[in-house]
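**Student:** Attaching a single structure in structure tokens format; questions to follow.
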């Protein structure tokens, strides 16, 4: 839940009659002159003058809390016929109600109206995709700030406005909160906003009420099939952003077949679409002749300035050549950086200046983040050379929680690892169960040793989740040649698993690497409805420090 101050100090407000007209509802009797000054979805956060959106939910109806919202000063309701009945029966009969059949479907537009249409005063860049959303939005925010454009960031790790970090409860906030944050950004002088847009957000109308200046697609691979019945359905949710009604322009990475399909569809819909690729030789399926921006993967090399990441050259429209560098390691971060260059170019910035700003961008919490012993997290990148301090393994924390992301993270670390590459990972409960064996298989295929542990089990049996990951890891190990087969272990306790991972890397001699995957920036572990303090970065730092003491 966003902080209570995640809204502007001065709300313009709109007559309730305007809200009713916008959503096609009659004006409540006696409320013709009423002005609402905010919109809330959580009754506990209502303030005087707010419009409380009382929506039907999976377990209960929000109208059951209308009396609480009224007691805190809410001036009116937006709800459905059932909600209007429940509110009247529950003690909120005096609260004027704007009633529509599907209030969620109009909540975004109503929120934008009441909060003063803040997106119209910002250059809004919305990034979607299975992997890379946090990295690309953070790179864009950092680069735009360097280029002189104050920028708000809204995403998984945090929301940052005018230098102030606000907590993030989900990748994309609910519509009232999102428009309130954008209004706050405008109030504090921002001129742009970089937003992560999840597939859930599109389907659940969280990004309704705004038109993106640039919609950005990174990639698509298996995830969220607990929410989407098929990969096609997952794709359609992403693709819904790439229409003239939703965005003025698009940037699409065409490294996978889903991206190539999306680029063709976006262009066919009339959206000016820029394509980016980092694969050699163009697409094998013939769906697109050439990308607008391309990277020759054979020419990607280590940065020469001593910083982590990769140096590369982008070839753009008209043969334009731009020297670029990713501030994060891995070929997938070359793609993320190339996409960011194309987004900034599509936004009107000089490509060379954009590339220079991105090369100097800050790291991303929990994304290929190197952790040093005793001193805690360091956002330096994947480290230099093949070993850590005093012969310790290099410790890296990454949010990789899909099969593709696990494979990519391990592939990024392999070239700099002369010793044993160890990965510690689990899988989240109450989420797509089909990806668990594939995550284990990716781990066993890419690492020398795999420690399967608990991630966020949530309401599921942790042992059952581990068993699914172990099955995939064991299967991959069994098909490998004996000399290449990964060692696979099960250690339920994540604290102990991380320590065991460090020990395994040490046992392999100098030059080892330990990747702790899955939770990244998260500071808690959710088990059976409770969130316990747990930070992979702190745990890995402590394990490395303990190993260092033993070796001293």
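Just so you know, glycine gets a Cβ as well, placed from its N, Cα and C.
Sharing the record's features from TrEMBL:
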type    : residues                          : note
BINDING : 129, 130, 131, 132, 133, 134, 135 : ATP binding site
BINDING : 431, 455, 456, 457, 458, 518, 522 : meso-2,6-diaminopimelate binding site
DOMAIN  : 36-111                            : domain 'Mur ligase N-terminal catalytic'
DOMAIN  : 127-343                           : domain 'Mur ligase central'
DOMAIN  : 396-520                           : domain 'Mur ligase C-terminal'
MOD_RES : 238                               : N6-carboxylysine
MOTIF   : 455-458                           : motif 'Meso-diaminopimelate recognition motif'
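Please go over these features one by one and say how buried each is and what sits next to it.
**Tutor:** Under DSSP, residue 130 (ATP binding site) is assigned to coil, being neither helix nor strand in the three-state scheme.
The Cβ of residue 458 (meso-2,6-diaminopimelate binding site) has 428, 429, 430, 431, 526, 527, 528, 529 as same-chain neighbours under 8 Å, each 6 or more residues away in sequence.
Looking only at the domain 'Mur ligase N-terminal catalytic' (36-111), the predicted model's pLDDT averages out at 96.
For residue 238 (N6-carboxylysine), the Cβ neighbour count at a 10 Å cut-off comes to 23, with all displayed protein chains included.
Residues 401, 425-431, 465, 494, 518-519, 522, 525-529 of the same chain lie 6 or more positions beyond the ends of the motif 'Meso-diaminopimelate recognition motif' (455-458) yet place their CB under 8 Å from a CB of it.
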**Student:** How big is the Cα-to-Cα gap, in Å, between residue 134 (ATP binding site) and residue 522 (meso-2,6-diaminopimelate binding site)?
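**Tutor:** It is 13 Å, counting Cα to Cα.
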**Student:** Across all protein chains in the structure, which of the binding-site residues 130, 131, 134, 135, 456 has the highest Cβ count within 10 Å?
**Tutor:** 135
**Student:** Measuring Cα to Cα, how far is residue 129 (ATP binding site) from residue 455 (meso-2,6-diaminopimelate binding site) in Å?
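**Tutor:** For residue 129 (ATP binding site) versus residue 455 (meso-2,6-diaminopimelate binding site), the Cα atoms are 22 Å apart.
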**Student:** Spatially speaking, which of the recorded positions 131, 132, 133, 135, 238 is closest to residue 455 (meso-2,6-diaminopimelate binding site)? Use C-alpha to C-alpha, please.
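**Tutor:** Nearest by Cα distance to residue 455 (meso-2,6-diaminopimelate binding site): 131.
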**Student:** For the domain 'Mur ligase N-terminal catalytic' (36-111), how many residues does DSSP put in helix, in strand and in coil?
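**Tutor:** Helix, strand, coil within the domain 'Mur ligase N-terminal catalytic' (36-111): 31 helix, 18 strand, 27 coil.
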**Student:** Can you break down the motif 'Meso-diaminopimelate recognition motif' (455-458) into helix, strand and coil residue counts using DSSP?
**Tutor:** 0 helix, 1 strand, 3 coil
